[in-house]
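> Just passing along the structure, written as structure tokens.
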């Protein structure tokens, strides 16, 4: 059953890239009874505090977009923090949703849950068929535990908890820190700073040949609402665009949008990472959902947001 417009909806992690996009989408669609809490107001790793919140607010629907996230450096430096905090957040929110009668919960997973050498494009059934990427294994293991927890609660208690797996995301509110950001926002910042400084070239790690898929976070938010209203299976479901491009193609596209006039230099002494990472999205496409935002348009609006919000 679709969510009615007056339903009480809790968005966990509403200040993050994904949660803020879900919040924007809900408001745009006319949902008016939305509950949020900042990290300062509610520590989701504190079980008692989470139970008290659910008891007081009694949300009918939950979008679980709260998570401890970070790049390769953060994941390799603080692996215990990543696995502990994510397991606690998921356990507390999922269990409270069951205890306090939530009608439906949507759990945000990540494409890093799939095996490092999964066949391409990656189908949902490839989960747990091979070894994970070691650099973010603690985070991935926590996310897999969240999926399995939703499935176990559905089986034992008859809950309606669904799990979605988005591809690489980008959009307004992204992390543009060169040390910790993902490739797309990092390239936006690199080309912008090079343009401002009049630098003759921009150096990009690797050969530029790996292929990646990118989904605008507003498209993800649309997909999450679509699935909340149209999908009731314990089986995980991928969210993506179904197309990828090389890092070199991405770099040239961003260079053009930013208006940088210099050269691109690929440092082939640096690692490339996985050669290809593309999700099979036939499942969600067959349900009738499609992304709307073209990559070029999405990058342009993200760049405009970056220029407005960053002092560089």
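Counting starts with 1 at the first residue shown.
Cβ coordinates come from backbone N, Cα and C, glycine included.
In case it helps, TrEMBL gives these features for our protein:
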- 9-240: domain 'NAD-dependent epimerase/dehydratase' (DOMAIN)
- 13-19, 108-111, 143, 166-169, 182: NADP(+) binding site (BINDING)
- 110: site 'Important for catalytic activity' (SITE)
- 112: site 'Important for catalytic activity' (SITE)
- 139: active site, proton donor/acceptor (ACT_SITE)
- 190, 205, 212, 272: substrate binding site (BINDING)
> Taking only the Cα atoms, work out how far residue 169 (NADP(+) binding site) lies from residue 212 (substrate binding site), in Å, as a whole number.
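Cα of residue 169 (NADP(+) binding site) to Cα of residue 212 (substrate binding site) measures 11 Å after rounding.
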> Can you tell me the CA-to-CA distance separating residue 272 (substrate binding site) and residue 110 (NADP(+) binding site), as a whole number of Å?
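Cα-Cα distance, residue 272 (substrate binding site) to residue 110 (NADP(+) binding site): 20 Å.
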> Average the pLDDT scores across the domain 'NAD-dependent epimerase/dehydratase' (9-240) and report the rounded value.
96
> Cα-Cα, whole number of Å: residue 112 (site 'Important for catalytic activity') versus residue 139 (active site, proton donor/acceptor)?
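Cα-Cα, rounded: 8 Å.
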> Once the DSSP letters are reduced so that anything not helix or strand counts as coil, what is residue 16 (NADP(+) binding site)?
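DSSP call for residue 16 (NADP(+) binding site): coil, neither helix nor strand.
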> Looking at the recorded positions 139, 205, which sits with the largest number of other Cβ atoms within 10 Å of its Cβ?
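Result for the most crowded candidate: 139.
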> Under 8 Å Cβ-Cβ from residue 110 (NADP(+) binding site), six or more apart in the same chain: what's there?
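Looking at Cβ-Cβ distances below 8 Å from residue 110 (NADP(+) binding site), excluding near sequence neighbours, one finds 139, 140, 143, 165, 166.
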